[in-house]
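Inspection log for the structure reproduced underneath, given as structure tokens.
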Amino acid sequence: MSGSSLPSALALSLLLVSGSLLPGPGAAQNAGFVKSPMSETKLTGDAFELYCDVVGSPTPEIQWWYAEVNRAESFRQLWDGARKRRVTVNTAYGSNGVSVLRITRLTLEDSGTYECRASNDPKRNDLRQNPSITWIRAQATISVLQKPRIVTSEEVIIRDSPVLPVTLQCNLTSSSHTLTYSYWTKNGVELSATRKNASNMEYRINKPRAEDSGEYHCVYHFVSAPKANATIEVKAAPDITGHKRSENKNEGQDATMYCKSVGYPHPDWIWRKKENGMPMDIVNTSGRFFIINKENYTELNIVNLQITEDPGEYECNATNAIGSASVVTVLRVRSHLAPLWPFLGILAEIIILVVIIVVYEKRKRPDEVPDDDEPAGPMKTNSTNNHKDKNLRQRNTN
């Protein structure tokens, strides 16, 4: 073997060896965790979710197990629908395996160790095999504490009249943990200037309107314990605060109309079109109407506008348990030639002006024009000339 061919042969042999060590697309790969469940502390009545993400080839199977506090060796498998349907297990398999364990309406008995197990061993479910060898495990500890008792005022309904001040109240009556501070939130956002260290809380709305409605929470934070909160609902009929009064489009274009409102609970939205003065629910037989509803917002999209069908008045209606409201948007659809109308108008004016000029010039000319070949004055005849010649001859004779 020559010296020049030795490095090439060595490189090829190294490539073959390294290729045999790397797992190919169909090669087996042991299960491994990408994401493991995390330990949490919760209050009674709350809920928790644990996530488990595993890889391997073939895709590993995932199971959830549970052991009570101080009984770490007494694991029992958890199934979807267990504990009076408070347990939900959602698992999906693809290139990897992903599973979510969710338990709602927690009780003190839900405390314990939760374990995610994964395996792609062909003998993983053989009872004669040792599970600690065929399955990999990831654990999380869930601690459930007794929720503090919070007494709240009743829900409030805002009326148009009379407009009276509203006072929301919360009172923390019992807790096994030391309070650090408390505050109010509306729809999940902390209200300014409400944070204090007090178990008895009040929030006053002097002139309540529909925009003041929503979910109010009094939130309490403790030392070495999860925060606790209570909810007070402030309800009001919908008040539509924004919409398009009119929409002008050309035939074949798309039109978008929208409405947004304040008020709580979030309304049910309905779009109607007025036919002969009567609002009629929109029937999407043509497949050109698309409606998007999201809490206090709705949107109507019409594609490929038709000048004979789509123009008119469109009404959006918002209705909740307290009341309803509606507004109208006028849709105008112009012809394809609409952009040419200014040009056509100017062209028509020019044509009319030319016609007027031509008619005027024709009327200005005389009815008959004399020919250039005709003499301008009367001509002497030959008879007159002959008569003169005769007189001349007669004088010469005498």
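Glycine is no exception: its Cβ is also placed from the backbone N, Cα and C atoms.
Feature annotation (Swiss-Prot): of 19-31, 58-70, 149-161, the stretch labelled region 'Narpin' is 149-161.
Among Asn284, Asn382, the residue that Swiss-Prot annotates as N-linked glycosylation site is Asn284.
Among the candidates Cys52, Cys218, the disulfide partner that Swiss-Prot records for Cys116 is Cys52. The disulfide bond recorded by Swiss-Prot for Cys170 reaches one of Cys218, Cys259; that cysteine is Cys218. The Cβ of Asn296 (N-linked glycosylation site) has Pro238, Lys260, Ser261, Val262, Gly263, His266, Pro267 as same-chain neighbours under 8 Å, each 6 or more residues away in sequence.
Neighbour counts of Cβ atoms within 10 Å were compared for the glycosylation sites Asn171, Asn317, and the top value is held by Asn317. In this structure the alpha carbons, written CA, of Cys170 (disulfide bond) and Cys316 (disulfide bond) are 38 Å apart.
Taking Asn317 (N-linked glycosylation site) as the reference point, the recorded positions whose C-alpha atoms are within 10 Å of its C-alpha, out of Asn197, Asn229, Cys259, are Cys259.
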